[in-house]
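Database features (TrEMBL):
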type     : residues : note
COMPBIAS : 1-15     : compositional bias 'Polar residues'
COMPBIAS : 23-39    : compositional bias 'Polar residues'
DOMAIN   : 60-189   : domain 'Casparian strip membrane protein'
REGION   : 1-44     : region 'Disordered'
TRANSMEM : 64-82    : transmembrane segment
TRANSMEM : 102-124  : transmembrane segment
TRANSMEM : 136-155  : transmembrane segment
TRANSMEM : 175-199  : transmembrane segment
Amino acid sequence: MSDPNNYKATGVQTPTAPPCSVDTESQTPATGGTQTQNPPVAGTGAGRFIERWKREDMLKKGCFGLRCIALLFSLFAFIIMASNKHGDWRDFDKYDEYRYLLAIAILSTLYTISLVLIQVYQLSTNKEIFSQKNSAFLDFFGDQLMAYLLLSAASSAVPLTNRMRENNDNIFTDFSASAIGMEFVAFLAMAVSAIVSGYKLSKQTYI
C-alpha cells in the first residue's frame, strides 16, 4: 500500500475529484411545482385584444353620453318652442321657421331616445341588437343627418328672431332665442357623436 506522506515528500499532488457541474436551467423553483404567469404585455395578442376592448367600451360610453345630451337639449327645445304661444302675432305656429325648428326638435328627440334605449339594453344585457358593421353604418349616417337637420333648423330661425328683437324684445322672442340655443347645443352633441361614429366605422373590417 502507498503511504500518502510519500506524495508530499516527492512533490506529487494527491488527485482530487472534479467539481460537479450544476445545470441551473433544468432546475425549477421550489414553489410546489407551479410557476407564476406574467400578465399579458402590450404588444402581444392578448394585450392588443384587451386594449381594443377597452377602447371600444370607452367609445360606446362616450356616444351614449353625447346622445343623452342631445336628447336632453332637443327635448328642451321642443318644450320651449311648443309653449311659445302668447296670442296675436306672438304664436310660433304663424312662422314657418319656428314650425320647422319644432319639427326637427321632435324628430331629434325621437331619434336620440331610440338610440339611448337601444344602448341601455345593450349595456345592461351585453347583447347586440344589430351586428357591429350595420350598427356602425346606422350610427354614422343617422348622427350625421340629424346633426345637419338640427343646424339647419336653428340657423333658419336666427334671422327671424334677430329682426323681431330689434323692434320688440319680449317673452316671445326670449322663448324663441332659448329654443334656438337649445337646438344648437343638441347639434354640437350630435356632431361630436357623428365624429366618434365615423371613427368606429373606419375601424371596421369588411373581409
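Glycine is treated like the rest: Cβ placed from N, Cα and C.
TrEMBL annotations: computationally assigned, not manually curated.
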Original post:
Looking at the stretches 102-124, 136-155, 175-199, which one shares the most CB pairs under 8 Å with the transmembrane segment (64-82)?
Top reply: 175-199
Original post:
Reported in the order helix, strand, coil, what are the DSSP residue counts of the domain 'Casparian strip membrane protein' (60-189)?
Top reply: 111 helix, 2 strand, 17 coil
